[in-house]
Amino acid sequence: MVAGIHSLLLLQFYQILLSGCTGLVPEEGKRKYSESTRSSPQQSQQVLDQFELRLLNMFGLKRRPTPGKNVVIPPYMLDLYHLHSAQLADDQGSSEVDYHMERAASRANTVRSFHHEESMEEIPESGEKTIQRFFFNLSSIPDEELVTSSELRIFREQVQEPFKTDGSKLHRINIYDIVKPAAAASRGPVVRLLDTRLIHHNESKWESFDVTPAITRWIAHKQPNHGFVVEVTHLDNDTNVPKRHVRISRSLTLDKGHWPRIRPLLVTFSHDGKGHALHKRQKRQARHKQRKRLKSSCRRHPLYVDFSDVGWNDWIVAPPGYHAFYCHGECPFPLADHLNSTNHAIVQTLVNSVNTNIPKACCVPTELSAISMLYLDENEKVVLKNYQDMVVEGCGCR
């Protein structure tokens, strides 16, 4: 049961925020809201639940996420969020977000991350090779989303032992799509090479591999998902070089808290056909010089939505809240230029001055902008998504 103050805050949030979103709350819902202020606590809770469900649907969620306490947010997803929220620190060199990833996000408005299922057994080492099979459950990707790009990210640690710099200390990482799993009589699965990389042991960093063809085959073409094979080939026979520096599986000596931060990560970039891509900034109109106006006239008012106040901070990772603003005020006759009115609003206001049965023009948002949100979905998958029309940039009489 939601506490009384919590219910009031959430209902007020819906009333103000959704008042600027045409069609988001039907007239019946608005009537129920006004009636809820006079109804019993049980009826108020029902109205609250209906509002919450409608807003969750706007976010593309079927139910309110209830993530566990041990869910780890990949640092890479936080970097992406800060990048697209223009909140990165000046020193961007330490960020794992590179140009290639920014370009991938330029065609998407949604980024999803997936960890592999660790039930898969490691394929025994064969000579100079370490081979691991990975399976990622992608069932949480909605059918209406078009996956535009996908990356498999693997962490490699710097080798601490002294080594030569003549290029002999190299590993090759090959990523394969399992087209057909191994049959009982066959020697191994049928695979297709997706990407390959020659790496040195000289630094700790993430390596990104393009696996878009496999994800497209699984999602768009509805073909079976048998996972990937990651093959690490050691190009030298120096036993002093640890072969576990490429982190494709968890070692027994590794700290339990450290493994979730360096385990392999599959990242998909997709677009649901709504709004703009993540990297595209909607150009905001230049603010005109503020004219002296009546305090009661139509204008933008401050409204800060704090997700902890409405009880959503357990699944919304970032931002903790945002400035939504709202429009309120009179549209008096005659309509002044600074009220950003349409010709129809001017005519309607003129008619209202002689016939009060015709309502005045309304103070509504005339310009809205998007925000990026990083959250955990119903399946505890980390999602970064661009949501349109979340911030009021301008108001006018319409």
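The count begins at 1 with the first shown residue.
Just so you know, glycine gets a Cβ as well, placed from its N, Cα and C.
C397 is paired in Swiss-Prot with C331, the candidate among C327, C331, C362 named as its disulfide partner.
The cysteine that Swiss-Prot pairs with C327 in a disulfide, picked from C21, C395, is C395. Taking each of the disulfide-bonded residues C298, C327, C363, C395 in turn and counting other Cβ atoms within 10 Å of its Cβ gives the largest count for C298. Ranking the glycosylation sites N137, N202, N340 by how many other Cβ atoms lie within 10 angstroms of each Cβ puts N202 at the bottom.
In this structure, N137 (N-linked glycosylation site) belongs to neither helix nor strand by DSSP; it is coil. Close to C331 (disulfide bond), meaning Cα to Cα within 10 A, are the following recorded positions out of N137, N202, C298, C363, C395: C298, C363.
A Cα-Cα distance of 44 Å separates C395 (disulfide bond) from N137 (N-linked glycosylation site). Mapped onto three states, the DSSP output places C298 (disulfide bond) in coil.
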